[in-house]
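Engineer: What follows is a structure written as C-alpha cells; I'll ask about it next.
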Ligand SMILES: [Zn+2]
Ligand SMILES: [Zn+2]
C-alpha cells in the first residue's frame, strides 16, 4: 500500500512540475495514463493543477484543463481560486481564459476575505484589473450585485480595491478604479489605521502619483481617520515631504475633475481622456509652485513640453485655440461648434463649481457665444472634403462661427480671470514670423 501511495505521489509531483514549466506533452501523457490525477492537489496549500497553470501563465495547459471541464472555481487551502492567483501574478492571458470559462469573480478567499479584484489592485496588475472589471460589466454580477457595488467591494477588514491600490502605490490601478466609479472618500473599517481613506493610505505609502490622482477626483484633504488625523499628518509622520506639501490644507487646492462634466451627455471616451490629461497637467503646474514654496499662481495652459503635445502636434490642419493662443483646438463644443483646447475646457469647467449657496450646478456655457454646452466632443480636423460638406447633416447644422478672442473677452468676464493673462501678453512678444503663421489658421469671418 505504501508503495502504491508513493507511486501516486511521484506521478502527482511529475504532473505539477510539468504544469509549472509548461511541458504540455508530459501533462497529456500523465493524464491519459491516470485521468484522476487532475483532481489531485499539492500537499500543503492544496493547489490544484489548474491553480499552478493559472499562476504560471501556462495558457495551453490551462485551456486543456478547462476543456476537460475542470471547475474553474476550484479553491485551495485558503479558498483562493485560480483566477485570484492569476491576478496576483499578473498573468493576463490566464485571467482572460478563466473569465471566458465563466470563472466566478465574486469569490472571497479565507485569508483576508478578498476577491480577484483586490488581488489585481494590491499587486498592481492594471491589465488584469481592467479585464476583471470588463467581465463584471457583462456578467450576472452587474445584475445581481450592481457594478458600482462590485467596484467598491470590501475585504474582511473593510478595504476596497482602491484602498489597496493606494496603499501599495499603484497609480495605474487607482486610475482605472476611479474611472470605474470607485468611491474616493470611502473609509476602511479596520484596514490600515481604522477609518483611513484612500488618501490616507496613499500618504502612508508616499505615492505622489496616487495622491495627485485622488485629489483630482475629489478626495477631501480635510477628511479624518478614526483617530482624527488628516492625510497631511500621515504623510508628515512617514516623512513623505512632497506628498505632505500637496496634502497640506493650506496649500492651493488642486483642480478637481469637474462634476459639471458628468452632466454633459455623451462625453465620449476620447474627449474624456483628453480632458483628464489636461486636468492632470494643469495640476502638475500648480504643484511646481507648491513644491517650490513660492506664491501660488493660476496654472497656465501653456505647456510646450507636456505630453499633450504628442497627440496634437502633427495635426497641422487644426486651429490654434483662441483663448490661450498656445494649444491647438482639440475639443469642440456642441451644438454651437466652437472649438478650444483641452486645457481651456478644463479651466472653464473647473471654474463652474457647484454654487455652495444654492447647491445647484451652474450650467456650462460656451465662452464664445454663451450658449449652453450640450456636449463636448473631440474636435474634428479641419480638412473637410466636398462629400462631407454636401451631406444633409452638414447643411442643416449651424455655420461655424469665427473664433476671435474679442468675443470671449466681451462675453465672459468671469472666465477671463481664469485664463492665463501671461499667454495673451506673450503674443506680442513672439517672433512675428511664428505669429503670422499661426494667424493663418484662424478663421476669418
Ligand atoms: Zn486654449
Ligand atoms: Zn459657442
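Every residue number used here counts from 1 along the chain in the order it is shown.
From the backbone N, Cα and C atoms, a Cβ is placed for every residue, glycine too.
Caution: TrEMBL annotation is automatic and unverified by curators.
Annotated coiled coil per TrEMBL: 261-288, in sequence order. What TrEMBL lists as compositional bias 'Basic and acidic residues' is 388-397. Annotation source TrEMBL lists compositional bias 'Low complexity' at 409-419. Sequence annotations record features per position, and here TrEMBL assigns domain 'RING-type' to 321-370. Summarising the annotation, TrEMBL assigns region 'Disordered' to 388-431. Taken from TrEMBL, the feature repeat 'ANK' covers 45-77, 78-110, 157-189, 194-226.
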Engineer: Based on DSSP, tally up the residues of the repeat 'ANK' (194-226) by helix, strand and coil.
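Structural biologist: Helix, strand, coil within the repeat 'ANK' (194-226): 17 helix, 0 strand, 16 coil.
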Engineer: Which whole-number mean pLDDT does the model give the repeat 'ANK' (157-189)?
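Structural biologist: A mean pLDDT of 94 is what the model gives the repeat 'ANK' (157-189).
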Engineer: Checking distant contacts: for the repeat 'ANK' (45-77), what same-chain residues at least six beyond its ends satisfy Cβ-Cβ under 8 A?
Structural biologist: 15-16, 19-20, 22, 24, 27-28, 31, 37-39, 83, 85-86, 88-89, 91, 93-94, 97-98, 101-104, 107
Engineer: Please list, for the repeat 'ANK' (45-77), how many residues fall into helix, strand and coil according to DSSP.
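Structural biologist: The breakdown for the repeat 'ANK' (45-77) reads 16 helix, 1 strand, 16 coil.
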